[in-house]
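**Q** Dropping a structure here in structure tokens format, bear with me for questions.
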Amino acid sequence: MSNLKWFWLFLKTRSNWIFWIVFLHLILLGMAYIDYDISIESIGFIVTLNLGLTAMFLIFTFLKEVKLYQHLYNNKEIEEIKHKDLAEDPFQKEVVNYLYRKLTSQKERVVEQQLHIQSTEQSLTEFVHDIKTPVTAMKLLIDQEEEGKRKKSLLYEWARINELLDKQLYLTRLESKNRDMYFEETSLKRLVIDEVQLTRHISQAKGIGYDLDLETNLDVYTDVKWCRMMIRQILSNSLKYSQGQDIIIRSYTNDGHVTLEIKDFGRGISHKDLPRIFERGFTSTVNRNETTSSGIGLYLVNSVKDQLGINVRVESTVGQGTTFVLTFPKQNELMARMTQVTTM
């Protein structure tokens, strides 16, 4: 904001006093005009002198008081304003002291809440880690069961529990994901096969197979743990809304970028739901009675894709299925993006 605009605002706030001073001087001029014993020239000189001194006083006052408002306008910290003692009159000082006390109290509350949230997240993370130990032991016990329908059912339920625990674990790690990432060159085929193996019990229970067309020599520069999480959530989403039809997974290069395509033939996503599928907690506006979906999986995908530099594109037709296309960045592009994030 320019100084002229600041001065105009200053004059508007003092308009009552200015009008009052002008009014008093007009009365003096009127009295001099009516009373012949009073010299109009003398009164005119006095009025001119008073108005000139008043203008100088207003300019001087403006230069002193405007510093406080300019600091507030520029979003300066209240501590800086208080330290520089920019408040000139008692009213301004009371306002600054009030804001200082209020903001200090709010900051203390925010710190307390952040510590509470961190403590809760830490407790939840420890709980998930602790509960995964008996879940792993449960898997060993299930593996000792004889082959049959009972074992398949147990493996299916175990896989669902393990998936939910992993989802919750990654959800609690979102805030610290930047510190938790380690980028390295790895085989995309290996990442996909590992996740297919992890979800095989659910796919077998639903009669769904995997049609894999993965090029052997395609490597990506990424964080293995978080990238696997993205693939897992997309596979989980495809398995959840498919029944009895294979999921096609293929990899290829497109314009120098490694691309992973996951296509299912499930119920698909409606056109009006497509822009919202990455929102936390969003499930569907069509199938409102759906209780198996939490709306967390694709939210996790959306939360880490930018840090990994992966572009995610979704195509879907109701009744025909959904295709997720993951385009990986080149290593130099990812490094440049990470540098930009670091310098921001």
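Just so it is clear, glycine is given a Cβ too, placed from its N, Cα and C backbone atoms.
Not my notes, these are from Swiss-Prot:
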type     : residues : note
DOMAIN   : 126-332  : domain 'Histidine kinase'
MOD_RES  : His129   : phosphohistidine
TRANSMEM : 18-38    : transmembrane segment
TRANSMEM : 43-63    : transmembrane segment
**Q** Relative to the Cβ of the residue listed as 'phosphohistidine', which residues of the same chain, six or more apart in sequence, are found under 8 Å away?
**A** Leu169
**Q** State the three-class DSSP label for the residue listed as 'phosphohistidine', counting H, G and I as helix, E and B as strand, and everything else as coil.
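**A** Reduced to three states, the DSSP call for the residue listed as 'phosphohistidine' is helix.
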